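*Asks:* Got a structure for you, written out below as structure tokens; questions coming shortly.
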Ligand SMILES: Cc1cc2nc3c(=O)[nH]c(=O)nc-3n(C[C@H](O)[C@H](O)[C@H](O)COP(=O)(O)OP(=O)(O)OC[C@H]3O[C@@H](n4cnc5c(N)ncnc54)[C@H](O)[C@@H]3O)c2cc1C
């Protein structure tokens, strides 16, 4: 295998299935060759970074050079009493790493099973699912700075992780080469890591626990489970008494039911973030819209992006080949050969309409190159 490969006039694979051609795509198999690539002028501060394309919409034609890390080794670098530290190459598929950790009886990542994409992209918007965020498990990252050609290490605290964001959103020059994660030898330590919270705040929770415990063979129908509030499902998936391997299976079933498969229809998962309001903003907003759908988080009140988009009249509409899902309007789907320019247009129109109607700024989770 070459240390790196260069393709010219290459397609940039993306899960929204928009057509795209970029001037040059450099795939890096060996991290040490980055210095050589920088010194020879092949890469510089204008080079754009590509991952596996599940959260990014490339232009139809882009005259830029793109770089993509393919190195994907998984290596245990430290083993202490309660945990192991594992260094993973940025090119590793995120779910390949989660699968590896579950199969090797490590705990912590299982709720984030089946999130598509690369390990290297995971910290960018601090991926998360069912109450867990990747930032909880990150120790440090090795980065290559495309601005000065130097390697640098960032500790977790340097990354300014928040809900679906991090310092990397503002630093497109930082190429993530590998990440060291801390994962646990027993699931009970995971809860300690994410702060044990009161879990039975919802009436349904106990009922759901019974349902799960009685169904350990996993032959039950998921219909009753899906009737429960999302928050309850999230709380259940935090319970350490539920075996990690079972959680992974549960997550697979739930995700298959609620998320469209990009292999079947182009999409980028949830296209918009849920806007967060402060306590004061929320009180005002709720007095205007008592029926608002929201949930509380450590960072404030998260207003349902689905609720806002539906309220702005977009649920179920199709424009310029982009369809807005009727049930979960935070999902944008490539119905009819949409281009990235179409997606940008529709996305901007939704943001504008939500602003006009609710005076709230919706932001995209997906990245436009
Ligand atoms: C069906 C579906 C379901 C999804 N479900 C979830 C979910 O449950 N939770 C969730 O959080 N997200 C979810 N997503 C979004 C997506 O899976 C994540 O954002 C994932 O991290 C994208 O990885 P990627 O490699 O495809 O990134 P890309 O789309 O290739 O890139 C995304 C961004 O990361 C940057 N980037 C990529 N690699 C690197 C690197 N090595 N160094 C520096 N920057 C880099 C790119 O420049 C770009 O800005 C979903 C997407 C889909 C399509």
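Cβ atoms here come from the backbone N, Cα and C positions, even for glycine.
Reproduced below are the annotations present in TrEMBL:
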- 164: active site (ACT_SITE)
- 270: active site, proton donor (ACT_SITE)
- 365: active site (ACT_SITE)
- 49-153: domain 'FAD linked oxidase N-terminal' (DOMAIN)
- 254-367: domain 'UDP-N-acetylenolpyruvoylglucosamine reductase C-terminal' (DOMAIN)
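Help me see these features in their spatial surroundings.
*Replies:* In three-state terms derived from DSSP, residue 164 (active site) belongs to neither a helical nor a strand segment and is classed as coil.
Reduced to three states, the DSSP call for residue 270 (active site, proton donor) is strand. Sequence-distant contacts (6 or more apart, same chain, Cβ under 8 Å) of residue 270 (active site, proton donor) comprise 305, 330, 331, 365.
Of all Cβ atoms in the shown protein chains, 18 besides its own fall within 10 Å of the Cβ of residue 365 (active site).
Residue counts for the domain 'UDP-N-acetylenolpyruvoylglucosamine reductase C-terminal' (254-367) under DSSP (helix as H, G, I; strand as E, B; rest coil) come to 41 helix, 27 strand, 46 coil.
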*Asks:* Have a look around residue 164 (active site) and count the other CB atoms within 10 A of its CB, chains all included.
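*Replies:* By my count, 19.
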*Asks:* Using DSSP, what's the helix, strand and coil tally for the domain 'FAD linked oxidase N-terminal' (49-153)?
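*Replies:* Looking at the domain 'FAD linked oxidase N-terminal' (49-153) with DSSP, the answer is 17 helix, 45 strand, 43 coil.
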